[in-house]
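Chemist: I have a structure here, written as structure tokens, and I will follow up with some questions on it.
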Amino acid sequence: SASKESSCKAGDTGDTGSIPVSGRAPGGGHSNPLMKFSNCNGKRKVQYESSEPADFKVDEDGMVYAVRSFPLSSEHSKFLIFAQDKETQEKWQVAVKLSLKPALPEDSVKESREIEEIVFPRQLAKHNGYLQRQKRDWVIPPINLPENSRGPFPQELVRIRSDRDKNLSLRYSVTGPGADQPPTGIFIINPISGQLSVTKPLDRELIARFHLRAHAVDINGNQVENPIDIVINVIDMNDNRPEFLHQVWNGTVPEGSKPGTYVMTVTAIDADDPNALNGMLRYRILSQAPSTPSPNMFTINNETGDIITVAAGLDREKVQQYTLIIQATDMEGNPTYGLSNTATAVITVTDVNDNPPEFTAMTFYGEVPENRVDVIVANLTVTDKDQPHTPAWNAVYRISGGDPAGRFAIQTDPNSNDGLVTVVKPIDFETNRMYVLTVAAENQVPLAKGIQHPPQSTATVSVTVIDVNENPYFAPNPKIIRQEEGLHAGTMLTTFTAQDPDRYMQQNIRYTKLSDPANWLKIDSVNGQITTIAVLDRESPNVKNNIYNATFLASDNGIPPMSGTGTLQIYLLDINDNAPQVLPQEAEICETPDPNSINITALDYDIDPNAGPFAFDLPLSPVTIKRNWTITRLNGDFAQLNLKIKFLEAGIYEVPIIITDSGNPPKSNISILRVKVCQCDSNGDCTDVDRIVGAGLGTGAIIAILLCIIILLSEYFPDYDLSQLQQPDTVEPDAIKPVGIRRLDERPIHAEPQYPVRSAAPHPGDIGDFINEGLKAADNDPTAPPYDSLLVFDYEGSGSTAGSLSSLNSSSSGGEQDYDYLNDWGPRFKKLADMYGGGDD
């Protein structure tokens, strides 16, 4: 009921109140109320609302006022007031009409006088001749100005004046943002009257408060008052809808979550004043899709926007995603006056392991050829309702029975999740023709708690082994036999046969020889008997460490044919079939017995007990051997040869020596030791000219010396006859080659005369060719020792077609040559310088 009524009466929907106003709805808020409703002396707690909150509002005490000042049309202006008892929820409404009353002249004057006037305060006053502050309060209250005013503009706000305008002609101005600073021109002041006005609608969301300063000056611009501060508050209007930070919100929730599980938070903002109803938001869920298993699976906190589950039954295998339409409304969610906006919340139900893998069949079948590894035998398929390619879906397989030797393994195909049964160890058909495996499948992660399914699934895999033709194999391999050497050809050694692992196939095996380095053996192609075709010799270079290796091949007639190899190792036992030989075969000794000795030993290709110790002796014939020489045994392996006579003429002697080994029976041999008897110095070193050849100079050094001599002879004796150095360019075969042109380090083929006579037939040839042939023979001779040794290129003496090197001279010079320059050639030519450049010596 209106406050002017004497009794408290509840209104109804038919009540209407009429309020006469002047041409404008009076703004100013509480200071200019239109009417007031009573709540029956406080007996009821009533909540009021206006149907036009942008223009009219109702306080909790029932006071109705205009939010802003605006002109009224000639027609009636009507709005509704709603009231609701907070306890009984009883509702009422009243229609309020604003009617225009005739405008009277005094009304205009009265209205103009109602404009608030702000007077500059008097700051100082004289008292007893001194200036002191005036003791009075002077607080200028803020000016409240609603945003989005409809005008008309400029709209008068307040009047600024100074009490000095009675005596002085003053000018008024305002400064600050909104006046003379950006945004400029929003507020203006009449410089004469001091009337402050606003020129356009304000927007609180841009500027919520203006701070201006008012100034008063005289006509000369002198300040007559201190500036005063004017604060203008822009009153918020509900002119902005809530805006969600995202139009689509994404959240997740595990399947099977209990009611009350937090899912996500959505947030909206409102540009209006957050401390007023215009900016106070409330959230609610408008719809849920799909609506299974319940249309209200989620709820939202209307103030915070937190979304939580409110019902059980989230199952990803049935519903993987929910879409919620969320509404945010200002005015604390008032559906009538609040502004709203919507957004979408997409909630994905995440997977948990609530479904174990299940085999698609109880038994799987596969087959594999024997002896094959790393081949797939069978594909095991499972189904799992959980999300693919997650630990809750990925299957892990294992063999729980039927494979004690570990011949099979199961790997998981990462794409299909199938189990690939693979052979990892060879399988023998002849041992086992079939395997029956028990396999199990489970997930990478355990099942979620509370799931009533078994954690794994089992199945059977039947694997059939396919028989294939396999390689025959020798057993044992290698086969070792012991046999004395010297066994005659045609002797049967052993039987070396192979076995065919394919005992369920009727096949024949044939044998062939694959490797027989000395060609001593043959094998029977049917029964594998091995027979000798040559004498076995332990001292053959094909025998290593007394063992001779031969390899044989066994081939079957299967499809395809297969073969295998076997090695026969013959351990050859030594017999005394090699006579000892003297070592070394050549030596030097002086013409006189003292100092004189040659140490010798024996070379026997047999081994103990068919080798040393050795017995050394000299033959009885010819008699000159024992007359000139004596031999003394030092130990079982060494003896010493000495001159028996006081003097033996220099030359090359062949001394036969009888050497006997310790075999049973022993074996003896007359071995020739070639001894060079030479003139010696006091140290026992040979001083013969021939010593030059063996004095440690290599073949290249000897050739260099000879070439130097030839060059010198050609340079200083141009008319020298080089035919004296000619040598036959053909060499007789070894069988008839005389001793004179054979190298001393060659192994003698047969006994030769001590001083052979060369053919005297002259053969023209260049000395260079002769030297090159000698060098080539030395390089290619397999019997040459790996060190420089005495080489004889020709024998100088009776029957030689060449003259003595010691008597070389020029056929045309007729005099002795001076060879002293040889001393300048260095240490390599010292011996030659001593021989030819030493003067009369």
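Sequential numbering from 1, following the chain as shown.
Cβ atoms are placed via backbone N, Cα and C, with glycine included.
All TrEMBL annotations are machine predictions without curation.
What TrEMBL records for this protein is below:
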type: COMPBIAS; residues: 798-815; note: compositional bias 'Low complexity'
type: DOMAIN; residues: 137-244; note: domain 'Cadherin'
type: DOMAIN; residues: 245-359; note: domain 'Cadherin'
type: DOMAIN; residues: 360-474; note: domain 'Cadherin'
type: DOMAIN; residues: 475-582; note: domain 'Cadherin'
type: DOMAIN; residues: 581-687; note: domain 'Cadherin'
type: REGION; residues: 1-38; note: region 'Disordered'
type: REGION; residues: 798-819; note: region 'Disordered'
type: TRANSMEM; residues: 692-713; note: transmembrane segment
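Are these features on the surface or tucked inside, and what are their neighbours?
Modeler: Per DSSP, the domain 'Cadherin' (137-244) is made up of 4 helix, 47 strand, 57 coil.
Across all of the domain 'Cadherin' (360-474), the predicted model scores a mean pLDDT of 91.
Mapped onto DSSP classes, the domain 'Cadherin' (581-687) shows 6 helix, 51 strand, 50 coil.
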Chemist: Run through the domain 'Cadherin' (360-474) and tell me, per DSSP, how many residues are helix, strand and coil.
Modeler: 0 helix, 53 strand, 62 coil
